[in-house]
Amino acid sequence: MGARASVLSGGKLDKWEKIRLRPRGKKRYKLKHIVWASRELERFAVNPSLLETAEGCRQILGQLQPALQTGSEELKSLYNAVATLYCVHQNIEVRDTKEALDKIEEEQNKSKKKAQQAAADTGNGSQVSQNYPIVQNLQGQMVHQAISPRTLNAWVKVVEEKAFSPEVIPMFSALSEGATPQDLNTMLNTVGGHQAAMQMLKETINEEAAEWDRLHPVHAGPIAPGQMREPRGSDIAGTTSTLQEQIGWMTNNPPIPVGEIYKRWIILGLNKIVRMYSPISILDIRQGPKEPFRDYVDRFYKTLRAEQASQDVKNWMTETFLVQNANPDCKTILKALGPAATLEEMMTACQGVGGPSHKARILAEAMSQVTNSATIMLQKGNFRDQRKIVKCFNCGKVGHIAKNCRAPRKKGCWKCGKEGHQMKDCTNEGRQANFLGKIWPSHKGRPGNFLQSRPEPTAPPEESFRFGEETTPSQKQEKIDKELYPLASLKSLFGNDPSSQ
């Protein structure tokens, strides 16, 4: 990181950190943005040391600008960062990224006007820096500098490793900057495998060449001396034109950029190949339950690159499906951020979702909610008087059960008072038996503390009419007991009543 961070130092670093990312925004550029730009340039096989000078930044901008229309959001962010860094190197005062882009556009327009004016004054197109790899030698002649083996090796390695994934297109655009049709054919011929894809590319090129011939018919009559013939579709593709003719068209006044036209046809064919090699639709990209949000975003934008749609449609897809296809945890966070949240804010908010710390935090919140609800219910008195009252079936007292009762065990059923079965097998649906073994209170007759039967006397007692018969006191008492207590006799429980003797 130290080498990357040494791009700016001192006063330039202070200027860099004062520039805002967006107009009237809160976030400003930091050192980490330079580190990120260096890593992105390494991905595109561009030397990151070019960021250290203004001329190097200008070269990077020249390579990235043609791919802005079809590039991803990361490519646009890289272009914006390099443009802002160029203004810092040139000591151009800017307040935000938009002002830096406006300054770059003004400078490019001025340089184009100067080049056109110089070409009109001198009568030749000596725009050396605009037409690399076509350079001017010491004799003032425009010559072609062949594409380097290092560039070809980088292109072949990308095709072998990526196999026409979406990032192949910006890589091809960067490596073929300013190339002639002959250079482009050399790059295509170095691809050994994937011949089916190469055949599809040839068909696309032939279709575009036929469309060019239809839109640019040949003018009748001879060609004026000193003028070049107009290129046909096959000339642009490099099959019926020589290298000198290609250089002549590209350096003529006005120039015909046959290299850029052919490059555009190739990129159109590569888009079709990428679509074939990446059959996954953007609708199928969904975040897994344990997948980090960063990996999900990488897969999303990689698939979005392969979509054959305009930039407006891609922006709508990003705003809609990026949040909609996230997992429930991330979706809850993203919806809370609102629709105006930036990608950086989304990734920061969803950082760590699905990991151990996030799960522990969710569990703690759930436990806190349960504890709070339980406390509220206790405060409301929902658990008041919930304790069950225990009563003994043996003695009838409260506070213990029959198993722990110290009183003598009552015989028979505790419910109906009859012997021969237990209470659990009792079929009597009445009330529980009292200590006498009888059901009380009885639904028939008088209460237990009243005399059960008391016949009204209609004549004098019987003994008054029995003259000569004597009855003992014990017989008299038994007779009284039977009359007073026909259902239950206390004598059976306590023997003879002493009070009656």
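Any Cβ shown, glycine's included, is placed from N, Cα and C.
Taken from Swiss-Prot, the feature N-myristoyl glycine covers GLY2.
Annotated asymmetric dimethylarginine per Swiss-Prot: ARG387 (among others), in sequence order, evidence recorded as similarity to another entry.
Annotated asymmetric dimethylarginine per Swiss-Prot: ARG409 (among others), in sequence order, evidence recorded as similarity to another entry. All protein chains considered, the CB of ARG409 (asymmetric dimethylarginine) has 8 other CB atoms within 10 Å.
Taking Cβ pairs closer than 8 Å, the region 'Interaction with Gp41' (7-31) reaches residues 38, 51-52, 81, 84-85, 88-89, 94-100, 344 in its own chain, all 6 or more past its ends. Per Swiss-Prot, the feature region 'Interaction with Gp41' maps to 7-31.
Sequence annotations record features per position, and here Swiss-Prot assigns region 'Interaction with host CALM1' to 8-43.
The region 'Interaction with host AP3D1' annotation in Swiss-Prot covers 12-19 and is backed by similarity to another entry.
Annotation comment: Swiss-Prot describes 73-77 as region 'Interaction with membrane phosphatidylinositol 4,5-bisphosphate', evidence class similarity to another entry.
The region 'Disordered' annotation in Swiss-Prot covers 106-128 (among others).
The region 'Interaction with host PPIA/CYPA and NUP153' feature in Swiss-Prot is assigned to 189-227; the stated evidence is similarity to another entry. Residue counts of the region 'Interaction with host PPIA/CYPA and NUP153' (189-227) by helix, strand and coil are 22 helix, 0 strand, 17 coil (DSSP-based).
Counting same-chain residues at least six beyond the ends of the region 'PPIA/CYPA-binding loop' (217-225), those with a Cβ under 8 angstroms from any Cβ of the stretch are 232. Summarising the annotation, Swiss-Prot assigns region 'PPIA/CYPA-binding loop' to 217-225 and lists similarity to another entry as the type of evidence.
Marked as region 'Dimerization/Multimerization of capsid protein p24' by Swiss-Prot: 277-363.
Residues annotated as region 'Disordered' in Swiss-Prot: 444-482 (among others).
In the predicted model, residues of the motif 'Nuclear export signal' (16-22) average a pLDDT of 88. Sequence annotations record features per position, and here Swiss-Prot assigns motif 'Nuclear export signal' to 16-22 based on similarity to another entry.
Among the features that Swiss-Prot reports, motif 'Nuclear localization signal' is placed at 26-32.
Annotation comment: Swiss-Prot describes 457-460 as motif 'PTAP/PSAP motif'.
Residues or ranges marked as motif 'LYPX(n)L motif' in Swiss-Prot: 484-493.
In the zinc finger (411-428), the DSSP tally of helix, strand and coil residues is 3 helix, 0 strand, 15 coil.
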